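Accompanying notes for the structure given below.
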Amino acid sequence: APNQRLCGSHLVEALFLICGERGFYYSPRSGIVEQCCENTCSLYQLENYCN
């Protein structure tokens with residue numbers, strides 16, 4: 001899949017889909033907003049935020 005720009009609820013929904021039952025760590029301080037909203041990120045990068 002190509003890199004995507006994901007912000008706000010779209011970003012949270014993507015994490016729910018990717019991480020599933022593992023859950024995820026969503027904190028603006030983790031850099032996920034800079035990585036995935038201000039820039040673009042891959043599904044592989046999103047998976048780094050799963051628990």
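Every residue gets a Cβ built from N, Cα and C, even glycine.
Per Swiss-Prot, the cysteine from CYS36, CYS50 that shares a disulfide bond with CYS41 is CYS36.
Long-range Cβ neighbours of CYS36 (disulfide bond) (same chain, at least 6 residues apart, Cβ-Cβ under 8 Å): GLN4, ARG5, LEU6, CYS7, LEU11, GLN45, LEU46. In the three-state DSSP scheme, CYS41 (disulfide bond) falls into the strand class. Sequence-distant contacts (6 or more apart, same chain, Cβ under 8 Å) of CYS41 (disulfide bond) comprise ASN3, GLN4, LEU6, ILE32, GLN35.
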